[in-house]
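Below is one structure, written out as structure tokens; comments come after it.
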Amino acid sequence: MLVVEGLTCRFGTKAAVDDASFAVAPGGFVGVIGRSGAGKSTLLRMINRLAEPTAGRILFEGQDVTALRGRELRQWRARSAMIFQQFNLVGRLDVLTNVLMGRLAEMPPWRSLVQAWPERDRALAMSALEQFDMGGVAAQRADSLSGGQQQRVAIARALVQQPDIILADEPIASLDPRNTRIVMDALLRINKHFGITVLCNLHSLDLARTYCDRLIGMSSGRIVFDGAPASLTENIARELYDLEANEVMGAASAPQPAGRMLPALGTAAAA
């Protein structure tokens, strides 16, 4: 279980995250929602330890993540895989090598320098690509792919880390509606098929209500809602987004996963 206790991050006098506390049981798909600047990205980056908390603790299976250093910290970052809005692929390298980068924490430094990837890791990376219909582009340069394809490669890279939890920071922010659906379906598949906990920052409330089984709403660095999507009221939506509720709750329909079933494979390779 992931437990966040009184987590705070200050930049000067401003609190990007202010006294956040919650727990996430294994296997949940949790959407972190709110306006830009609400503290969503900082929260996920603190959980991964890419940003340092000013106060509070992060516990995972009883281990104090905020106290980790050196090798133990690197191991935690492998167990809590990040997926970024910008994809963070190496464009000049082929797709398979980009996915194999997710295995670096398990390799001796000399192997990574000469790219001497073990066959079991290569097989794992190909299997991850095939999960998302990307096996056919394994030899292509990453920068030759569309945005939706690149994000699926980034998700495959996270999957080969064999993480306990995936932290997805606005993974669909730069994608069109079709690729938004494909990427969100990929995250849903990881969650339901592999049982990996997912925390996903989303600006769109409609998407969050469609895909997530729990929502954590943030405003000005503080958690103002924590519950099931059906429990989110119009008043809370106004507080989260500082908008008229009908501008946030259903003005445009989100892409729908088919019947909340696991997304089918074999239909997304060209996206």
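First residue shown is number 1, and so on along the chain.
Positions of Cβ are set from backbone N, Cα and C atoms, glycine also.
Here the structure is a predicted model, which means the values were calculated and not measured.
What Swiss-Prot records for GLY34, ARG35, SER36, GLY37, ALA38, GLY39, LYS40, SER41 is ATP binding site. Among the features that Swiss-Prot reports, domain 'ABC transporter' is placed at 2-245.
Over the domain 'ABC transporter' (2-245) the predicted model carries a mean pLDDT of 92. By a simple count of nearby Cβ atoms, those within 10 Å, the most crowded of the binding-site residues ARG35, LYS40 is LYS40. Counting every protein chain shown, 29 other Cβ atoms lie within 10 Å of the Cβ of GLY34 (ATP binding site).
Candidate binding-site residues: SER36, SER41. Fewest other C-beta atoms within 10 angstroms, SER36. Taking all protein chains in view, 25 other C-beta atoms sit within 10 angstroms of the C-beta of ALA38 (ATP binding site). Of all the Cβ atoms in the protein chains shown, 13 others lie within 10 Å of the Cβ of GLY37 (ATP binding site).
Cβ neighbours of GLY39 (ATP binding site) (same chain, under 8 Å, six or more residues apart in sequence): CYS9, ALA16, VAL17, ASP18, ALA20, MET218, SER220, GLY221, ARG222. A Cβ within 8 Å of the Cβ centre of GLY34, ARG35, SER36, GLY37, ALA38, GLY39, LYS40, SER41, the residues given for ATP, is found for these other residues of the same chain: ASN201, MET218.
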